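The following feature annotations were taken from TrEMBL:
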| type | residues | note |
| --- | --- | --- |
| DOMAIN | B:131-422 | domain 'NADH:quinone oxidoreductase/Mrp antiporter transmembrane' |
| TRANSMEM | B:6-23 | transmembrane segment |
| TRANSMEM | B:30-51 | transmembrane segment |
| TRANSMEM | B:71-99 | transmembrane segment |
| TRANSMEM | B:111-131 | transmembrane segment |
| TRANSMEM | B:137-155 | transmembrane segment |
| TRANSMEM | B:167-188 | transmembrane segment |
| TRANSMEM | B:208-233 | transmembrane segment |
| TRANSMEM | B:240-261 | transmembrane segment |
| TRANSMEM | B:301-321 | transmembrane segment |
| TRANSMEM | B:327-349 | transmembrane segment |
| TRANSMEM | B:370-388 | transmembrane segment |
| TRANSMEM | B:408-427 | transmembrane segment |
Amino acid sequence: MSASITLVVLMAVLYGTGVYVMLERSLTRILIGFLLVGNATNLLIFVMSGRSGDSPIIDGQTDAASTVDPVPQVLMLTAIVINFGVTAFILALIYRSWWLSNLGDEGDDVTTGEEEDDAAEADQAQVFHRSLEGDDAAVRTVLEEGGDAEDDIDGGRGPEPEASERDRDVMR
Amino acid sequence: MNALVPLLVILPLVGAAVTLILGRYPRVQIAISVTALTAVTIAAAALLAVVDRTGQPAVVKVGGWEPPFGIVLVVDRLSAIMVVVSALMLLGVLIFAVGQGIADRDRDTPVSIFHPTYLILAAGLFDAFIAGDLFNMYVGFEMLLAASYVLLTLGGTGSRIRAGVTYVVVSLVSSLLFLGAIALIYGATGTVTMALLSDRIRELPLDVQVILCAALLIGFAVKAAVFPLSFWLPDSYPTAPAPVTAVFAGLLTKVGVYAIIRTDKLLFFDVPLTVPLLIVGGLTMLIGILGALAQADVKRLLSFTLVSHIGYMIFGVAIGTELATGATIYYIVHHITVQTALFLVVGLVERVGRSTSITRLGGLLKKAPFVAILFFIGALNLGGIPPFSGFLGKVGLFEAGAASPSPLVYVLIGAGAVTSLLTLYALMRVWNMAFWRPKEDVEGYESPLTESLQESPEATNGTATGVATATGTSKLMVGATTGLIAMTICLTVFAGPLFDLAQRAAGNVATPEMYVDSVFPGGVR
């Protein structure tokens with residue numbers, strides 16, 4: 001079996017960077033690492049089909065020896081779909097984790113029927129919305145300044161230091 | 001009869017789809033889930049009867065494609081036993097969950113998503129058990145894992161999200177290892193059909209076989225929670241709702257063990273695995289149970305005993321004789337039942353005593369005598385006291401070990417006996433503290449027994465999990481738990497026939513040629 005060296009090198013790089021990023025504590029980076037490693041594994045499956053060749057369509061003219069092995073492509077396709085579903089779930093998990101670290105469980109209860117609680121929660125919700133607007137504004141300024149926005153948008157770490165503290169607590 | 005085979009996967013999947021659509025009608029959802037799982041249980045029991053009578057595995061070529069081009073589903077005695085036991089467990093736990101929903105009046109739990117997810121978990125589980133090729137097994141694993149992610153983080157409370165993150169990341173890594181191993185195996189042999197692999201792998205050089213086998217086994221060992229890859233389990237299982245924990249504890253790790261048996265016996269029977277598996281098996285037993293001794297939280301304690309008892313199964317697989325495989329299969333059945341039942345009992349304890357920490361529980365014998373009896377039977381059974389099935393399973397394993405003696409096997413038998421005693425010690429301490437001790441003694445209780453206990457992180461933070469606040473049990477919850485405990489007693493009463501069945505299943509497993517012949521009746525091309 002022979003394989004393209006480019007793909008093998010690409011796979012190795014993806015595995016290496018993926019595992020490295022996955023070792024971070026931030027959930028978003030874990031997700032990025034998972035995507036890289038997942039794609040590296042897909043490439044590994046792809047590499048197993050050997051040399052490149054004609055598309056494996058049997059129409060009476062193609063020579064079976066010159067076509068590629070279609071099975072790894074099928075396996076890869078299934079693996080991609082599964083990765084996609086899991087990614088969607090992790091994104092939801094990250095969002096929930098960010099929500100909890102910013103608002104706590106109270107963020108879920110909009111009305112409890114008790115007026116005092118409702119008032120307190122309404123206050124909290126307002127504070128939250130204000131902080132959201134603040135975040136948006138901060139992101140916008142950063143974008144306009146053309147600075148490196150990447151540092152701010154990872155792992156659901158808010159701009160406030162204490163938010164990121166709590167965030168880490170949730171992840172631990 | 002073969003038409004029943006795909007039904008095992010199709011019925012739960014269709015049930016999941018219908019219950020998802022009918023999310024607004026909880027009663028209809030309950031009816032559909034219970035019907036689907038009952039139907040699967042009956043189908044699986046019928047399959048087990050047929051497969052056991054003929055001794056030939058039932059093979060279905062999905063879509064009429066001949067293997068190795070199409071997917072095959074293979075139900076031999078081992079698969080059938082696993083499917084029957086897990087279907088019964090899923091049904092029992094489902095009834096418990098319904099009972100809990102009734103006791104809660106469905107306020108706090110997002111029930112509309114519970115039933116579809118639960119049925120998808122069932123479908124994935126059955127698919128992994130009956131898969132005739134490695135990739136289909138991977139898909140089955142992914143189905144049940146995806147469902148388990150949702151079930152574990154049900155309600156999305158802080159502690160569950162925290163536990164879910166560990167669980168999801170560990171599962172993802174193990175799945176990727178599994179997938180990578182499949183890719184390598186395909187590269188080496190050009191197929192993923194297990195029957196064909198069984199034939200082709202032995203033509204590979206031994207060192208290549210060892211690498212491929214190790215890659216697969218590491219992936220499965222994470223799922224089965226074998227030491228040193230077991231750290232994630234006691235951290236993630238206990239925070240989930242009681243029924244979910246019960247299903248996870250009973251079934252999910254056993255899928256890993258099942259996959260290890262298949263890998264060892266069907267695919268890589270030439271690779272000498274005895275010594276490494278014996279070592280990890282022994283370490284899993286001892287380290288698991290030592291962890292259990294330090295826990296104050298009963299759910300965490302049981303999670304550690306779960307890890308520890310996986311070691312017995314690895315021990316059985318490691319010995320590798322037909323006798324040992326039979327004993328392992330019996331032990332798996334016993335352990336699935338008793339562990340699920342015990343977690344359900346703890347679910348009841350949690351609701352009667354409003355805590356799961358033995359430093360805070362007390363006087364339960366007076367308060368809930370029936371729950372106490374259920375716990376006592378389950379605990380003695382798990383601890384391996386005669387005449388219960390735990391004792392019979394362990395004796396079976398030790399006998400099989402003594403039949404193929406080596407110094408290491410004797411060390412393992414010793415470790416197994418010690419583990420069994422320590423399990424009993426840990427569970428009897430729970431009994432003494434939570435049930436036997438009068439309620440008024442709980443405040444300011446001092447004893448060497450409780451000095452070194454470690455509270456669960458949730459308890460020390462003072463934020464109880466969502467379930468702990470709910471109280472009250474319903475007849476359905478107690479009934480389901482009683483049913484499962486009664487099943488563990490049945491495993492004792494009917495131990496003779498069941499052990500024979502397990503031995504016949506082991507006979508199937510020990511002759512991979514038969515598996516290959518049933519998939520390729522005309523011989524392997």
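Heads up, the Cβ atoms here are built off N, Cα and C, so glycines get one too.
These figures come from a predicted structure and were not determined experimentally.
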Can you work out which residues elsewhere in the same chain, 6+ from the ends of the transmembrane segment (B:208-233), have a Cβ less than 8 Å from its Cβ atoms?
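Same-chain residues near the transmembrane segment (B:208-233) but 6 or more away: 141, 166-167, 170-171, 173-175, 177-178, 180-181, 184-185, 188, 201-202, 252-257, 259-260, 263, 267-268, 270-271, 273, 280-281, 283-284, 287-288, 303, 306-307, 310-311, 313-314.
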Using Cβ atoms and a strict cutoff of less than 8 Å, what residues sit near the transmembrane segment (B:301-321) while being 6 or more residues removed from its termini?
224-227, 230, 233-234, 237-238, 249, 253-254, 257, 260-261, 264, 273-275, 277-278, 280-289, 291-292, 295, 327-328, 331-332, 335, 339, 342-343, 346, 382, 393-394, 397, 400-401, 403-404, 409, 412, 415-416, 419, 423, 426-427, 430
With a Cβ cut-off under 8 Å, give me the same-chain residues at least six positions beyond the ends of the transmembrane segment (B:6-23) that come close to it.
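Distant contacts of the transmembrane segment (B:6-23): 29, 32-33, 35-37, 39-40, 43-44, 47, 60, 62, 73, 83, 112-113, 115-117, 119-120, 122-123, 126-127, 130.
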Apart from its near flanks, which chain residues at least 6 from the ends of the transmembrane segment (B:30-51) lie with a Cβ under 8 angstroms of it?
1, 4-5, 7-8, 11-12, 14-15, 18-19, 22, 57-58, 75-77, 80-81, 83-84, 87-88, 90-91, 94-95, 98, 115, 118-119, 122, 126
Any chance the transmembrane segment (B:111-131) and the transmembrane segment (B:408-427) are in contact, meaning at least three CB pairs closer than 8 A with a sequence separation of 6+?
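Checked: the transmembrane segment (B:111-131) vs the transmembrane segment (B:408-427), no contact.
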Against which stretches of its own chain does the transmembrane segment (B:240-261) lie, if we need a Cβ under 8 Å and a gap of at least six residues from its ends?
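Distant contacts of the transmembrane segment (B:240-261): 78, 82, 86, 89-90, 93-94, 96-97, 100, 109, 118, 121, 125, 128-129, 137, 141, 144, 148, 151-152, 154-155, 160, 163, 217, 220-226, 233, 299, 302-303, 306, 310, 313-314, 317, 325, 328, 332, 335-337, 339-341, 343-344, 346-347, 350, 466-467, 509.
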Rank B:137-155, B:167-188, B:327-349, B:370-388 by Cβ pairs under 8 Å to the transmembrane segment (B:71-99) and hand me the top one.
B:327-349
Grab the same-chain neighbours of the transmembrane segment (B:370-388) for me: Cβ-Cβ under 8 Å, and only residues 6 or more beyond its ends, written as numbers and ranges.
305, 309, 334, 338-339, 341-342, 345-346, 348-349, 352, 364, 394, 420-421, 423-424, 427-428, 430-431, 435, 478, 481-482, 485, 488-489, 492
Using a Cβ cut-off under 8 Å, which residues of the same chain at least 6 positions beyond either end of the transmembrane segment (B:137-155) come close to it?
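Counting only partners 6 or more residues beyond its ends, the transmembrane segment (B:137-155) has Cβ contacts under 8 Å with 108-110, 113-114, 117-118, 120-121, 123-129, 131, 161, 163-164, 167-168, 171, 175, 178-179, 182, 223, 236, 239-241, 244, 247-248, 252, 255, 259, 466.
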